[in-house]
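J.: Quick one: structure below, then a few questions.
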Amino acid sequence: RTVRVWLKRDSGQYWPSIYHAMPSPCSCMSFNPETRRLSIGLDNGTISEFILSEDYNKMTLVKSYQAHQSRVIMILFVLEMEWVLSTGQDKHFTWHCSESGQRLGGYRTSAGACGLQFDVETRHVFVGDHSGQVTILKLEQESCSLVTTFKGHTGGVTALCWDPIQRVLFSGSSDHSIIMWDIGGRKGTAIELQGHNDKVQSLSYAHHTRQLISCGADGGIVVWNMDVERQETPEWLDSDSCQKCDQPFFWNFKQMWDSKKIGLRQHHCRKCGKAVCGKCSSKRSSIPLMGFEFEVRVCDTCHDSITEEERAPTATFHDSKHNIVHVHFDATRGWLLTSGTDKVIKLWDMTPVVS
C-alpha cells in the first residue's frame, strides 16, 4: 500500500526519499514531469492525485476521484485537455477534469480493459480489453461516441501503444503476439509480430528511430525495427485436401474412400496460407518481414523461395532475467525501467540498441 519516490544519490545508488502509505493497495500510476502531478489508482476504485515538491522530498494530496466501482487498471493524464482518463475492473472507461475533479463521462466496455491510449489531435481514445477487442472512442468535453471496434487477437489485449506521427496503433496480447494497426492510412492493414513465448506485458515506441520495444512475461525485451516494409500475414485457406499433393484430410471421408487412402492432418503454410499436409510442409523458416522472428511451418515451395536476405532478423532480443509486469520508457534519455514479480526494479540503458 505504499508509494515511494527514489532519488539518485552522489554514490550513484537510488534511495527512497518519500515513503507514503495509501488507504488501499496501489494498482497503477501516471506521472507528469512538467506539472509534477502524480495520479495513483487504487484497488478500491479511487484515483488519488498528488503534487510532488521540486526537490521530490514531499508529496501533497490535491484531490481524489471515485472513478470506478472496483480496481483501477490504467490511468492516463492528458495535460493539453486537463483530463484524467482511466479504466477499471468494473468494465468502465471514465474521464475526469483534473482541475475541478468533476466526472465528464464514461463508456462501458465489453470486458475489463488493460490497454489505454489517447490521441490529442483528434481526441480519439483507444481502449483494449480482455476479450481481445480494441474500441476507438471520440471524446468531447462531456460526451463520447463510438468510432469503431476491431479484433485480431485470440487472447485479451494487455498493452497498447500509439504513434501519433505515423498514425499507427500497436496492441500486445496474452496470445503472445503484437499487431500493428494502420489507423491513419485507413487501409485496414494489420501487421502481426511474433517474438515472445508468453503474454506481452508492455509496449513502448521510440518515434525518432521508429523502433518498437515490447516486454513480456517471459522476461524478454524485444526491439523491433518498424522502419522496414512489412507484409501482412495471409488468411488461412480452407480445403478438404492438401493444396499441394491433393491428399485428403482426415475428415474428407468421400475422397478417402474413393482413393483408398488414409486421411492426413491439416496444417497451414505461414507464408502463403495454403492448407497443406505434414509431408508437404516438412520444413521451418523464419519470415521476419511477416513478423515471424522464430521459425514457423512453411510449405516446401515457399521454403525454397525465401532468400537468406529475407531471413535477416528485424528485431533484437534481450533477456531481462525477471518476469516483467510493468515498463516505462524514457525516449529522451533512452532509458527503460522494468519491474517484475520478483519485486525488483531494473533500469536499462537502451541507447546501444535504440539508435
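Each position is counted from 1, following the chain as shown.
The backbone N, Cα and C atoms fix where each Cβ goes, and this holds for glycine too.
For reference, TrEMBL lists these features for the protein:
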- 236-307: domain 'FYVE-type' (DOMAIN)
- 150-183: repeat 'WD' (REPEAT)
- 193-234: repeat 'WD' (REPEAT)
- 317-350: repeat 'WD' (REPEAT)
J.: Do any residues of this chain, six or more beyond the ends of the repeat 'WD' (317-350), have a C-beta under 8 angstroms from a C-beta of it, and if so which?
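T.: Apart from its flanks, the repeat 'WD' (317-350) reaches 6, 14, 195, 201-202, 204, 206-208, 213, 215-223, 293.
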J.: Give the nonlocal contacts of the repeat 'WD' (150-183) in its own chain as ranges (CB under 8 Å, at least six residues past its ends).
T.: 111, 113-121, 126, 128-134, 136, 189-205, 207, 210, 212, 214, 216, 224, 226, 230, 291
